[in-house]
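Enquirer: According to Swiss-Prot, the record shows the following:
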ACT_SITE  Lys105  active site
BINDING   Gly217, Tyr218, Gly219, Asn220, Val221, Gly222, Tyr223  NAD(+) binding site
Amino acid sequence: MQPTDPLEEARAQLRRAVDLLGYDDYVYEVLANPDRVLQVRVTIKMDDGTVKTFLGWRSQHNSALGPYKGGVRYHPNVTMNEVIALSMWMTWKNSLAGLPYGGGKGGVRVNPKILSPRELELLSRKYFESISDIVGVDQDIPAPDVYTDPQVMSWFLDEYNRVKRGQFFGVVTGKPVELGGLNARIVSTGYGVAVSTRVAAEKFLGGLEGRTVAVQGYGNVGYYAAKFLAEMGAKIVAVSDSRGGIYDPEGIDPEEALKVKRSTGTVANYQRGKKISTMEILELPVDILVPAAIEEVITDENADRIKAKIISEGANGPTTTAAEKILVKKGVLVLPDILANAGGVIMSHIEWVNNRMGGWITDEEALKKLEQKMVENTKTVITYWEKNLKPEENSLRDAAYMIAVERVFRAMKLRGWI
(Lines of atoms letter the chains of each structure in order from A and count residues from 1; the text may use other names and numbers.)
(Lines give C-alpha, C1' and ligand atoms only; values in the text may rest on other atoms or scores of the structure.)
Protein backbone atom coordinates (compact mmCIF):
# COMPACT_ATOMS: atom_id res chain seq x y z
CA MET A 1 0.00 0.00 0.00
CA GLN A 2 1.40 3.38 -1.04
CA PRO A 3 1.47 6.00 1.74
CA THR A 4 -1.05 8.78 1.22
CA ASP A 5 0.11 12.31 0.49
CA PRO A 6 -0.79 13.98 3.81
CA LEU A 7 -1.95 17.16 2.09
CA GLU A 8 -4.28 15.19 -0.19
CA GLU A 9 -5.66 13.40 2.86
CA ALA A 10 -6.14 16.67 4.77
CA ARG A 11 -7.93 18.26 1.83
CA ALA A 12 -10.16 15.21 1.35
CA GLN A 13 -11.20 15.42 5.01
CA LEU A 14 -11.90 19.14 4.65
CA ARG A 15 -13.91 18.53 1.46
CA ARG A 16 -16.05 15.96 3.25
CA ALA A 17 -16.74 18.33 6.15
CA VAL A 18 -17.62 21.22 3.82
CA ASP A 19 -20.00 18.98 1.86
CA LEU A 20 -21.67 17.62 5.01
CA LEU A 21 -22.15 21.18 6.27
CA GLY A 22 -23.68 22.19 2.94
CA TYR A 23 -21.24 25.07 2.42
CA ASP A 24 -20.40 26.58 -0.96
CA ASP A 25 -17.23 25.57 -2.79
CA TYR A 26 -15.48 28.84 -1.94
CA VAL A 27 -15.27 27.77 1.71
CA TYR A 28 -13.25 24.73 0.67
CA GLU A 29 -11.05 26.83 -1.64
CA VAL A 30 -10.25 29.28 1.15
CA LEU A 31 -9.47 26.63 3.76
CA ALA A 32 -7.66 24.12 1.51
CA ASN A 33 -4.59 26.37 1.41
CA PRO A 34 -2.56 27.98 4.19
CA ASP A 35 -2.37 31.71 4.78
CA ARG A 36 1.38 31.48 4.19
CA VAL A 37 4.30 29.07 4.12
CA LEU A 38 7.81 30.26 4.84
CA GLN A 39 10.65 28.12 3.49
CA VAL A 40 14.06 28.76 5.03
CA ARG A 41 17.59 27.59 4.35
CA VAL A 42 19.40 26.62 7.55
CA THR A 43 23.17 26.55 6.99
CA ILE A 44 25.51 25.48 9.79
CA LYS A 45 29.17 24.58 10.20
CA MET A 46 29.48 20.99 11.39
CA ASP A 47 31.94 19.77 14.02
CA ASP A 48 34.27 18.42 11.31
CA GLY A 49 34.48 21.83 9.64
CA THR A 50 32.18 21.05 6.70
CA VAL A 51 29.21 23.29 5.94
CA LYS A 52 25.77 21.74 5.51
CA THR A 53 22.44 23.21 4.48
CA PHE A 54 19.04 22.00 5.65
CA LEU A 55 15.59 23.03 4.41
CA GLY A 56 13.00 24.15 6.92
CA TRP A 57 9.41 25.41 6.82
CA ARG A 58 6.79 27.13 8.93
CA SER A 59 3.22 26.83 7.67
CA GLN A 60 0.53 29.14 9.02
CA HIS A 61 -2.80 27.73 7.94
CA ASN A 62 -5.49 29.94 9.49
CA SER A 63 -5.69 32.51 12.29
CA ALA A 64 -9.41 33.32 12.38
CA LEU A 65 -9.70 32.04 15.96
CA GLY A 66 -6.37 33.37 17.21
CA PRO A 67 -2.59 33.16 16.74
CA TYR A 68 -1.18 30.16 14.90
CA LYS A 69 -0.23 27.25 17.18
CA GLY A 70 1.57 24.00 16.47
CA GLY A 71 4.80 22.09 16.87
CA VAL A 72 8.11 21.92 15.04
CA ARG A 73 9.48 18.54 13.95
CA TYR A 74 12.97 17.45 12.96
CA HIS A 75 12.89 14.47 10.60
CA PRO A 76 14.85 13.37 7.50
CA ASN A 77 11.63 12.85 5.52
CA VAL A 78 9.82 16.11 6.30
CA THR A 79 8.25 17.74 3.23
CA MET A 80 6.53 21.05 2.68
CA ASN A 81 3.24 19.28 1.89
CA GLU A 82 3.45 17.38 5.17
CA VAL A 83 4.02 20.59 7.12
CA ILE A 84 1.08 22.29 5.39
CA ALA A 85 -1.19 19.32 6.11
CA LEU A 86 -0.12 19.24 9.76
CA SER A 87 -0.83 22.97 10.10
CA MET A 88 -4.32 22.41 8.68
CA TRP A 89 -4.95 19.59 11.15
CA MET A 90 -3.81 21.90 13.97
CA THR A 91 -6.43 24.45 12.88
CA TRP A 92 -9.15 21.83 13.34
CA LYS A 93 -7.66 20.41 16.54
CA ASN A 94 -7.43 23.85 18.18
CA SER A 95 -10.89 24.82 16.96
CA LEU A 96 -12.48 21.61 18.22
CA ALA A 97 -10.73 21.98 21.58
CA GLY A 98 -12.23 25.45 21.97
CA LEU A 99 -8.80 27.08 22.18
CA PRO A 100 -8.15 30.67 20.99
CA TYR A 101 -5.68 29.50 18.35
CA GLY A 102 -5.36 28.92 14.65
CA GLY A 103 -3.18 26.21 13.14
CA GLY A 104 0.54 26.26 12.47
CA LYS A 105 3.33 23.73 12.02
CA GLY A 106 7.04 23.72 11.38
CA GLY A 107 9.66 21.27 10.26
CA VAL A 108 13.31 20.88 9.33
CA ARG A 109 14.47 18.10 7.00
CA VAL A 110 17.27 16.66 9.11
CA ASN A 111 18.17 13.49 10.98
CA PRO A 112 18.72 14.89 14.49
CA LYS A 113 20.07 11.55 15.74
CA ILE A 114 23.35 12.05 13.89
CA LEU A 115 23.91 15.63 15.07
CA SER A 116 26.17 16.46 17.99
CA PRO A 117 24.68 18.58 20.82
CA ARG A 118 26.49 21.64 19.44
CA GLU A 119 25.20 21.02 15.91
CA LEU A 120 21.65 20.49 17.19
CA GLU A 121 21.75 23.75 19.14
CA LEU A 122 23.15 25.67 16.18
CA LEU A 123 20.52 24.22 13.83
CA SER A 124 17.73 25.09 16.28
CA ARG A 125 18.91 28.65 16.79
CA LYS A 126 19.42 29.29 13.06
CA TYR A 127 16.00 27.86 12.19
CA PHE A 128 14.21 29.96 14.80
CA GLU A 129 16.12 33.09 13.84
CA SER A 130 14.99 32.47 10.25
CA ILE A 131 11.31 32.34 11.21
CA SER A 132 11.48 34.96 14.00
CA ASP A 133 9.68 37.62 11.94
CA ILE A 134 6.50 35.53 11.67
CA VAL A 135 6.33 34.02 15.18
CA GLY A 136 5.49 35.72 18.46
CA VAL A 137 3.46 35.49 21.67
CA ASP A 138 0.36 36.82 19.88
CA GLN A 139 1.37 35.77 16.37
CA ASP A 140 2.50 32.13 16.18
CA ILE A 141 3.50 29.93 19.12
CA PRO A 142 5.58 26.82 18.29
CA ALA A 143 5.93 23.75 20.53
CA PRO A 144 7.70 20.35 20.57
CA ASP A 145 6.87 17.67 18.02
CA VAL A 146 8.76 14.73 16.50
CA TYR A 147 12.40 14.74 17.74
CA THR A 148 12.13 18.15 19.37
CA ASP A 149 11.94 18.52 23.14
CA PRO A 150 12.05 21.06 26.01
CA GLN A 151 15.77 21.68 25.38
CA VAL A 152 15.08 22.63 21.76
CA MET A 153 12.27 24.90 22.98
CA SER A 154 14.78 26.55 25.35
CA TRP A 155 17.08 27.35 22.42
CA PHE A 156 14.11 28.65 20.41
CA LEU A 157 13.08 30.90 23.31
CA ASP A 158 16.58 32.24 23.90
CA GLU A 159 17.22 32.91 20.22
CA TYR A 160 13.91 34.74 19.83
CA ASN A 161 14.58 36.86 22.92
CA ARG A 162 18.08 37.66 21.60
CA VAL A 163 16.77 38.74 18.20
CA LYS A 164 13.81 40.71 19.59
CA ARG A 165 15.75 42.15 22.56
CA GLY A 166 13.20 41.25 25.21
CA GLN A 167 11.87 38.50 27.46
CA PHE A 168 8.97 36.79 25.68
CA PHE A 169 8.52 33.53 27.57
CA GLY A 170 5.18 32.75 25.91
CA VAL A 171 6.63 32.56 22.39
CA VAL A 172 6.99 28.77 22.67
CA THR A 173 5.35 26.15 24.86
CA GLY A 174 6.57 22.76 26.03
CA LYS A 175 9.48 24.46 27.80
CA PRO A 176 11.35 23.16 30.86
CA VAL A 177 9.79 24.07 34.21
CA GLU A 178 12.67 26.46 34.94
CA LEU A 179 11.66 28.55 31.92
CA GLY A 180 7.94 28.66 32.56
CA GLY A 181 6.96 25.19 31.40
CA LEU A 182 4.74 22.69 33.21
CA ASN A 183 5.69 19.27 34.57
CA ALA A 184 2.22 18.06 33.56
CA ARG A 185 3.08 18.61 29.86
CA ILE A 186 4.80 15.24 29.57
CA VAL A 187 1.68 13.29 30.63
CA SER A 188 -0.89 15.58 28.99
CA THR A 189 -1.47 13.86 25.63
CA GLY A 190 -1.68 10.36 27.11
CA TYR A 191 -3.88 11.59 29.94
CA GLY A 192 -6.19 13.29 27.46
CA VAL A 193 -6.47 10.06 25.45
CA ALA A 194 -7.42 8.19 28.63
CA VAL A 195 -10.04 10.77 29.65
CA SER A 196 -11.66 10.88 26.20
CA THR A 197 -11.70 7.07 26.12
CA ARG A 198 -13.30 6.94 29.57
CA VAL A 199 -16.11 9.28 28.47
CA ALA A 200 -16.81 7.13 25.39
CA ALA A 201 -16.66 3.90 27.42
CA GLU A 202 -19.13 5.26 29.98
CA LYS A 203 -21.51 6.12 27.15
CA PHE A 204 -21.17 3.02 24.97
CA LEU A 205 -19.63 0.22 27.06
CA GLY A 206 -21.20 0.81 30.46
CA GLY A 207 -17.93 2.12 31.89
CA LEU A 208 -14.20 1.39 31.86
CA GLU A 209 -14.09 -1.01 34.80
CA GLY A 210 -12.62 -4.33 33.65
CA ARG A 211 -12.63 -3.37 29.97
CA THR A 212 -9.68 -4.80 28.05
CA VAL A 213 -7.25 -2.46 26.29
CA ALA A 214 -4.47 -2.92 23.71
CA VAL A 215 -1.97 -0.09 23.18
CA GLN A 216 0.14 0.07 20.02
CA GLY A 217 3.16 2.30 20.58
CA TYR A 218 4.81 2.65 23.97
CA GLY A 219 6.39 6.05 23.81
CA ASN A 220 5.21 9.03 25.80
CA VAL A 221 1.59 8.95 24.59
CA GLY A 222 1.12 5.18 24.67
CA TYR A 223 2.64 4.67 28.10
CA TYR A 224 0.67 7.42 29.83
CA ALA A 225 -2.56 6.41 28.09
CA ALA A 226 -2.03 2.85 29.39
CA LYS A 227 -1.07 4.06 32.87
CA PHE A 228 -4.09 6.31 33.31
CA LEU A 229 -6.56 3.88 31.72
CA ALA A 230 -5.36 1.24 34.19
CA GLU A 231 -5.81 3.68 37.08
CA MET A 232 -9.35 4.35 35.82
CA GLY A 233 -10.19 0.65 36.09
CA ALA A 234 -9.42 -0.76 32.64
CA LYS A 235 -7.29 -3.87 32.16
CA ILE A 236 -4.27 -3.43 29.89
CA VAL A 237 -3.82 -6.79 28.12
CA ALA A 238 -1.43 -5.88 25.29
CA VAL A 239 1.28 -3.31 24.58
CA SER A 240 3.75 -2.99 21.72
CA ASP A 241 6.56 -0.84 20.38
CA SER A 242 8.47 -0.76 17.09
CA ARG A 243 10.34 -3.97 18.00
CA GLY A 244 7.35 -6.11 18.98
CA GLY A 245 4.73 -6.56 21.66
CA ILE A 246 3.24 -8.73 24.38
CA TYR A 247 -0.27 -10.06 24.95
CA ASP A 248 -1.46 -11.34 28.32
CA PRO A 249 -5.23 -11.73 28.88
CA GLU A 250 -4.52 -11.77 32.63
CA GLY A 251 -3.31 -8.19 32.46
CA ILE A 252 -0.10 -6.18 32.07
CA ASP A 253 1.34 -3.67 34.55
CA PRO A 254 2.02 -0.50 32.49
CA GLU A 255 4.84 0.68 34.76
CA GLU A 256 6.51 -2.73 34.76
CA ALA A 257 6.27 -2.80 30.96
CA LEU A 258 7.99 0.60 30.81
CA LYS A 259 10.83 -0.65 33.03
CA VAL A 260 11.28 -3.64 30.71
CA LYS A 261 11.37 -1.36 27.67
CA ARG A 262 13.95 0.91 29.27
CA SER A 263 16.19 -1.95 30.41
CA THR A 264 15.96 -4.22 27.35
CA GLY A 265 14.91 -1.89 24.53
CA THR A 266 11.44 -3.34 23.96
CA VAL A 267 8.24 -4.21 25.82
CA ALA A 268 8.28 -7.56 24.00
CA ASN A 269 10.63 -8.84 26.73
CA TYR A 270 7.90 -8.49 29.38
CA GLN A 271 8.17 -11.54 31.66
CA ARG A 272 4.66 -12.92 31.11
CA GLY A 273 2.31 -13.39 28.18
CA LYS A 274 2.67 -14.20 24.50
CA LYS A 275 4.97 -12.31 22.15
CA ILE A 276 3.17 -10.66 19.23
CA SER A 277 4.06 -8.30 16.39
CA THR A 278 3.25 -4.60 16.46
CA MET A 279 0.63 -5.17 13.73
CA GLU A 280 -0.93 -8.25 15.36
CA ILE A 281 -1.84 -6.13 18.37
CA LEU A 282 -4.41 -4.29 16.24
CA GLU A 283 -6.49 -7.45 15.73
CA LEU A 284 -6.68 -8.76 19.30
CA PRO A 285 -10.06 -9.51 20.97
CA VAL A 286 -10.17 -6.39 23.15
CA ASP A 287 -12.78 -3.78 24.02
CA ILE A 288 -10.57 -0.76 23.38
CA LEU A 289 -7.67 -0.23 20.97
CA VAL A 290 -5.29 2.72 21.34
CA PRO A 291 -3.06 3.19 18.26
CA ALA A 292 -0.37 5.53 19.64
CA ALA A 293 2.54 4.88 17.28
CA ILE A 294 2.56 5.97 13.64
CA GLU A 295 0.08 6.95 10.93
CA GLU A 296 -1.88 4.66 8.61
CA VAL A 297 -1.68 1.40 10.57
CA ILE A 298 -5.42 0.68 10.35
CA THR A 299 -6.16 0.23 6.66
CA ASP A 300 -8.76 -1.35 4.40
CA GLU A 301 -6.56 -4.46 4.50
CA ASN A 302 -6.94 -5.11 8.25
CA ALA A 303 -10.03 -3.11 9.29
CA ASP A 304 -12.32 -6.12 8.86
CA ARG A 305 -10.25 -8.09 11.37
CA ILE A 306 -10.32 -5.47 14.11
CA LYS A 307 -12.36 -6.65 17.08
CA ALA A 308 -12.22 -3.60 19.36
CA LYS A 309 -15.46 -1.72 20.02
CA ILE A 310 -13.70 1.62 20.56
CA ILE A 311 -10.56 2.90 18.85
CA SER A 312 -8.95 5.91 20.53
CA GLU A 313 -6.40 7.61 18.29
CA GLY A 314 -3.36 8.54 20.36
CA ALA A 315 -1.28 8.91 17.19
CA ASN A 316 -1.97 11.33 14.36
CA GLY A 317 -3.74 9.72 11.41
CA PRO A 318 -3.49 6.02 12.37
CA THR A 319 -6.74 5.19 10.52
CA THR A 320 -7.06 5.62 6.76
CA THR A 321 -10.23 7.00 5.19
CA ALA A 322 -10.93 3.67 3.48
CA ALA A 323 -10.53 1.79 6.77
CA GLU A 324 -12.86 4.13 8.61
CA LYS A 325 -15.68 3.40 6.15
CA ILE A 326 -15.35 -0.29 7.01
CA LEU A 327 -15.23 0.43 10.74
CA VAL A 328 -18.37 2.59 10.58
CA LYS A 329 -20.27 -0.25 8.91
CA LYS A 330 -19.05 -2.63 11.62
CA GLY A 331 -20.25 -0.26 14.33
CA VAL A 332 -16.75 0.44 15.69
CA LEU A 333 -16.51 3.83 17.39
CA VAL A 334 -13.36 5.77 16.44
CA LEU A 335 -12.36 8.69 18.68
CA PRO A 336 -10.51 10.79 16.07
CA ASP A 337 -7.03 12.17 16.63
CA ILE A 338 -8.13 15.81 16.58
CA LEU A 339 -10.31 14.99 19.58
CA ALA A 340 -8.53 12.21 21.48
CA ASN A 341 -4.95 13.46 21.39
CA ALA A 342 -5.60 17.17 21.92
CA GLY A 343 -4.32 16.99 25.50
CA GLY A 344 -0.88 18.27 24.52
CA VAL A 345 -2.08 21.49 22.92
CA ILE A 346 -4.62 22.07 25.70
CA MET A 347 -1.77 21.87 28.22
CA SER A 348 0.26 24.19 25.97
CA HIS A 349 -2.55 26.73 26.23
CA ILE A 350 -2.47 26.49 30.03
CA GLU A 351 1.31 27.10 29.91
CA TRP A 352 0.91 30.04 27.49
CA VAL A 353 -1.75 31.71 29.65
CA ASN A 354 0.45 31.20 32.72
CA ASN A 355 3.44 32.80 30.98
CA ARG A 356 1.40 35.79 29.86
CA MET A 357 -0.07 36.39 33.31
CA GLY A 358 3.20 35.83 35.12
CA GLY A 359 1.34 33.39 37.34
CA TRP A 360 1.86 29.84 38.53
CA ILE A 361 -0.26 26.71 38.60
CA THR A 362 0.19 23.30 40.20
CA ASP A 363 0.33 20.11 38.15
CA GLU A 364 -2.86 18.94 39.85
CA GLU A 365 -4.70 22.13 38.85
CA ALA A 366 -3.39 21.92 35.29
CA LEU A 367 -4.47 18.29 34.90
CA LYS A 368 -7.89 19.11 36.35
CA LYS A 369 -8.36 21.84 33.75
CA LEU A 370 -7.24 19.42 31.04
CA GLU A 371 -9.65 16.75 32.24
CA GLN A 372 -12.59 19.17 32.26
CA LYS A 373 -11.77 20.28 28.71
CA MET A 374 -11.40 16.72 27.37
CA VAL A 375 -14.67 15.59 28.99
CA GLU A 376 -16.53 18.60 27.60
CA ASN A 377 -15.07 18.21 24.09
CA THR A 378 -15.74 14.46 23.88
CA LYS A 379 -19.34 14.85 25.04
CA THR A 380 -19.86 17.70 22.56
CA VAL A 381 -18.67 15.59 19.61
CA ILE A 382 -20.72 12.53 20.62
CA THR A 383 -23.86 14.64 21.13
CA TYR A 384 -23.41 16.39 17.77
CA TRP A 385 -22.87 13.03 16.06
CA GLU A 386 -26.03 11.53 17.55
CA LYS A 387 -28.14 14.63 16.89
CA ASN A 388 -27.02 15.70 13.40
CA LEU A 389 -25.61 12.60 11.69
CA LYS A 390 -26.45 8.96 11.04
CA PRO A 391 -24.18 6.75 13.20
CA GLU A 392 -24.56 3.89 10.73
CA GLU A 393 -23.18 6.10 7.93
CA ASN A 394 -21.07 8.78 9.59
CA SER A 395 -18.09 8.60 11.91
CA LEU A 396 -17.25 10.65 14.98
CA ARG A 397 -14.52 12.16 12.80
CA ASP A 398 -17.24 13.59 10.55
CA ALA A 399 -18.84 15.23 13.58
CA ALA A 400 -15.51 16.52 14.92
CA TYR A 401 -14.53 18.05 11.58
CA MET A 402 -17.94 19.61 11.08
CA ILE A 403 -17.76 21.31 14.49
CA ALA A 404 -14.18 22.49 13.91
CA VAL A 405 -14.72 23.77 10.36
CA GLU A 406 -17.97 25.50 11.28
CA ARG A 407 -16.27 27.40 14.13
CA VAL A 408 -13.49 28.60 11.83
CA PHE A 409 -15.96 29.52 9.08
CA ARG A 410 -18.11 31.55 11.49
CA ALA A 411 -15.05 33.36 12.86
CA MET A 412 -13.91 34.25 9.33
CA LYS A 413 -17.43 35.43 8.48
CA LEU A 414 -17.65 37.59 11.60
CA ARG A 415 -14.25 39.14 10.89
CA GLY A 416 -15.28 39.99 7.32
CA TRP A 417 -12.71 37.74 5.68
CA ILE A 418 -15.28 35.93 3.56
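Glycine residues also receive a Cβ, built from the backbone N, Cα and C atoms like all the rest.
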Enquirer: Since the record lists Tyr218, Tyr223 as binding-site residues, which of them has the fewest other Cβ atoms within 10 Å of its Cβ?
Expert: Tyr223
Enquirer: For Val221 (NAD(+) binding site), which residues in the same chain are close in space, meaning a Cβ under 8 Å from its Cβ, but six or more apart along the sequence?
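Expert: Long-range Cβ contacts: Thr189, Gly190, Val193, Ala292, Gly314, Ala315, Asn341.
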Enquirer: Other than Gly217, Tyr218, Gly219, Asn220, Val221, Gly222, Tyr223 themselves, what residues in this chain have Cβ atoms within 8 Å of the centroid of the NAD(+) site's Cβ atoms?
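Expert: Neighbours within 8 Å of the Cβ centroid, excluding Gly217, Tyr218, Gly219, Asn220, Val221, Gly222, Tyr223: Gly190, Val215, Tyr224, Ala225, Ala226, Asp241, Ala292, Ala293, Gly314.
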Enquirer: Taking every protein chain shown into account, which of the binding-site residues Gly219, Gly222 has the largest tally of Cβ atoms within 10 Å of its Cβ?
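Expert: Ranked by Cβ atoms within 10 Å, first place goes to Gly222.
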Enquirer: Just to confirm: which same-chain residues, 6+ apart in sequence, have a Cβ under 8 Å from the Cβ of Asn220 (NAD(+) binding site)?
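Expert: Long-range Cβ contacts: Ile186, Thr189, Gly190.
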